[in-house]
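Data first, discussion second: the structure below is written as structure tokens.
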Amino acid sequence: MHTRINHHLLIITISMNVFASVMSTSMLTIAFRDVVHSFQISYETLQWRNILFFTTFAVGLVFFGKLANRIGVRRQLILGLGLFIGASLMSSVTRNWYMFLTFQALQGLADALIVPTLVILIRLCFPENKIGWAFGWFSGTSAAASLVGPAVGGIMLKHFPWSSLFFLLSGLAVVALLLSIIYIPRYISEGNQNKVPILGGIGLFVMVISIQMLFMQQIDIVIKIGSGIAVLLGLGTVIFVQMKKQGEVAILPTGVFHNRTFILACIRVFCLSVVNNAITLYAPSYLRDIHAIPTDQVGWIVMVDAIISLFLSGLAGRLADSRPRTALAVGILFSLVATLSFWFSDRFEYILLFSLIYLLLGIGWTLSMPSQNKITMMAVPSERTGEFMGFFQLVQFGTGAFAAGIFASLIKGTEPDKISLEGFQTMLLMSAVFQIVAMITIVMEGRFLLFFKRGRTNK
């Protein structure tokens, strides 16, 4: 009985650690218009927040995933929560745009500290026959956070200033910190001495940030030339580290370019995640600016995505086990229909229509991602799953920065606190192209597998 109670308290503790992180993005996207007005900036300038946050988070996953094994999982988790609380509180009280950027980058860094420790804790603290149960709780909590985030954010923005969102996030993180101090076993703090990819991580960070600067219209030509040089230097650093043939300090898994299925999966997840992040970042502002929908109603509309994801997750998992490529293709098709429906939605003012679009988006993402993850995982050697999937997650989560950088100039409206309808529609057309490319990778992958099977049969 004592063991069961400990496991229940432990998984609640682990799940609480991801709650504030998942809620933060969904709540803040609804508040983008308020942030723009508060700091008197443009939507294009606002994207520096997303670029810094997502880049720090994605690159940090590579770095802190290995650091957790070096300094100890419990210690890193508590450090990350402390940083998250401080960064959120300072984000809520600062009235300087550049300080806000700094604190949001630190919040992304905190998320990168926290996320790798949670999976490790499940693996180390639960017996084999309870790991699936633990991941079920973990996924359910993430879905619940996605579910309540938009609604809570919309309601709070209707009655309180946007800065109050960060007070709520800080409070949730304080609860997670107290639970972690009490219930995370201390012996988990003992780690090994794996090397950390410091040089490669810095090079990757510089390269990703500099690429975004090349897309920003407000950057002058001299800075863009400097950014181009920085891209080459960052890329050179990553290549240099990779050529040293030291797998534990390299960013890319050794032999990755010889695994065609994995490369196609990375291209596919990049395309799909860019679209998902673009719609997540800009669609709430589109609903508020173009259609003048109140913030609380925007929150309820966005929540439809999370509701359908919660209900279809079991079915999507079963389809991923039985017919992964079919489920993936159907999911992409649903997402493509939703994207094109958004393009035509400027002609209508029906909230029900937007709810239907988010319903299609939720079905598409829920069907595609379990199959996408399984196809990717089955394409790599089992003993190197962590190494390959770490790079795969870097590609997936790094797309938040790319979506912010690529589309920032497009959606900039004539008024600084509103987005452009034409720019939003152009973004949707580009998103549809990304989704078609993702569909093509499935066809290419199927032909490659068929060719490979015929080759083995002939032998």
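Heads up, the Cβ atoms here are built off N, Cα and C, so glycines get one too.
Note: TrEMBL annotation is automatic and uncurated.
The domain 'Major facilitator superfamily (MFS) profile' feature in TrEMBL is assigned to 10-456. Annotated transmembrane segment per TrEMBL: 9-32, 47-65, 77-98, 104-126, 133-156, 162-184, 196-215, 221-241, 298-320, 350-367, 388-408, 428-450 (among others), in sequence order.
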**Cβ-based contact of the transmembrane segment (162-184) with the transmembrane segment (388-408), 3 or more pairs under 8 Å** = no
**Asked** For the domain 'Major facilitator superfamily (MFS) profile' (10-456), what is the mean per-residue pLDDT, to the nearest integer?
**Response** 82
**Chain residues outside the transmembrane segment (350-367) and at least six past its termini with a C-beta under 8 angstroms from it** = 276, 279, 287, 291, 293, 297, 301-302, 304-309, 312-313, 316, 319, 327-328, 330-338, 341-342
**Item:** Criterion met for the transmembrane segment (47-65) and the transmembrane segment (388-408) (at least three Cβ pairs under 8 Å)
**Value:** yes
**Prompt:** Under an 8 Å Cβ to Cβ limit, what residues of the same chain, 6 or more beyond the ends of the transmembrane segment (221-241), are close to it?
**Reply:** 197, 199-200, 202-211, 213-214, 249-252
**Asked** Which listed stretch (77-98, 104-126, 298-320, 388-408) has the most C-beta pairs under 8 A with the transmembrane segment (196-215)?
**Response** 388-408
**Asked** Do the transmembrane segment (104-126) and the transmembrane segment (77-98) share at least 3 Cβ pairs closer than 8 Å, excluding pairs fewer than 6 residues apart in sequence?
**Response** yes
**Chain residues outside the transmembrane segment (298-320) and at least six past its termini with a C-beta under 8 angstroms from it** = 26, 30, 139, 143-144, 146-155, 157, 283-284, 287-288, 326-327, 331, 351, 354-355, 358-359, 361-363, 365-367, 369-371, 373-374
